[in-house]
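Per Swiss-Prot, the features are:
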type: DISULFID; residues: 100-192; note: disulfide bond
type: CARBOHYD; residues: 5; note: N-linked glycosylation site
type: TOPO_DOM; residues: 1-28; note: topological domain 'Extracellular'
type: TOPO_DOM; residues: 50-57; note: topological domain 'Cytoplasmic'
type: TOPO_DOM; residues: 79-102; note: topological domain 'Extracellular'
type: TOPO_DOM; residues: 124-142; note: topological domain 'Cytoplasmic'
type: TOPO_DOM; residues: 164-199; note: topological domain 'Extracellular'
type: TOPO_DOM; residues: 221-240; note: topological domain 'Cytoplasmic'
type: TOPO_DOM; residues: 262-277; note: topological domain 'Extracellular'
type: TOPO_DOM; residues: 299-318; note: topological domain 'Cytoplasmic'
type: TRANSMEM; residues: 29-49; note: transmembrane segment
type: TRANSMEM; residues: 58-78; note: transmembrane segment
type: TRANSMEM; residues: 103-123; note: transmembrane segment
type: TRANSMEM; residues: 143-163; note: transmembrane segment
type: TRANSMEM; residues: 200-220; note: transmembrane segment
type: TRANSMEM; residues: 241-261; note: transmembrane segment
type: TRANSMEM; residues: 278-298; note: transmembrane segment
């Protein structure tokens, strides 16, 4: 092991991301729907942010949380997909050790932040349906700002130790990672030392952060559904159930692939085919950013009408 391949005595200069193992011959074709999904995510989330930002009537808490969700979706997909496409189309898998850690930090912290936003959105719907008279008092702009700050602080605080846990490990020249982007356990498994601390801390973060978030979200929607079924108007019930159904669907799409990835990395590493694991890991950074503007935005009457109005004004000006 030569000094030219190592820095800080034990840290590699670069890693090499291989893409989806076992499907190398299909990389070019797999990248096409990935690219299409990324473009849809960019356009959809950017349009949602633009519509909410331009219309003062949409500066209510629910829409501000939607705007935050779209911002995190843009950040999550843009952190991973461009490099993913470069690997699948151009075989440009090399990434510096520092760049890999930076991508890992961004992916996990943004994901944790998005989990916090989904929890905040569940709380928003709970207050709106179960305590509507106090809605504007409980969720004013100052409270929303504090919720956003706490979510950001929590995500950075729980993910930052990953960097130090990975930098302490020796890698013994192991540089090839069978993945399309850098994540904590993918890097840790390249080490030639005991990674029990990494496994335990990663599992603790997953359970205490996103696991706790998902439980609180489930409790919130339990109260919401109980309140909805006691509404006197069938139209009000249908509207509330339609909104909640969209929210629950995107929450399931967000959490299920993530928990599958976390758990297989730690307990089913040899039982689950590698290409299945990596393919699902790609989907959980692609599917939510694509679906969020559709399920949360396009199905919301106020946003849909303002978007159509904005498009009409654009055509008129042309």
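Cβ atoms here come from the backbone N, Cα and C positions, even for glycine.
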Under DSSP, is residue 100 (disulfide bond) part of a helix or a strand, or is it coil?
helix
Disulfide-bonded residues (100, 192), the one with most neighbouring Cβ atoms at 10 Å:
100
Please check if the transmembrane segment (241-261) comes into contact with the transmembrane segment (29-49), where contact means 3 or more CB pairs closer than 8 Å and the residues in each pair are separated by 6 or more positions.
no
Is it true that the transmembrane segment (103-123) and the transmembrane segment (29-49) have 3 or more Cβ pairs under 8 Å, skipping pairs fewer than 6 apart in sequence?
no
Surrounding residues of the transmembrane segment (278-298) on its own chain - C-beta under 8 Å, 6+ positions past either end:
20-21, 23, 34, 37-38, 40-41, 44-45, 47-48, 51, 66, 69-70, 73-74, 76-77, 79-81, 84, 107, 114, 178-181, 183, 246-247, 249-250, 253-254, 257-258, 260-261, 304, 307
Could you give me the DSSP helix, strand and coil counts for the topological domain 'Cytoplasmic' (124-142)?
16 helix, 0 strand, 3 coil
List the helix, strand and coil residue totals of the topological domain 'Extracellular' (164-199) as derived from DSSP.
13 helix, 2 strand, 21 coil
Please report, as numbers and ranges, the same-chain residues at least 6 past the borders of the topological domain 'Extracellular' (79-102) whose CB is under 8 Å from any CB of it.
7, 11-20, 27-28, 30-31, 34-35, 38, 110, 163, 166-167, 180-182, 187, 282, 285-286
Below 8 angstroms Cβ to Cβ, which residues of this chain, lying six or more residues outside the topological domain 'Cytoplasmic' (124-142), approach it?
61-62, 64-65, 220-221, 223-224, 227-228, 240, 243-244, 247
Confidence summary (mean pLDDT) of the topological domain 'Extracellular' (164-199):
91
Could you break down the residues of the topological domain 'Cytoplasmic' (221-240) into DSSP helix, strand and coil, giving a count for each?
15 helix, 0 strand, 5 coil
DSSP helix, strand and coil counts for the topological domain 'Cytoplasmic' (50-57)?
7 helix, 0 strand, 1 coil
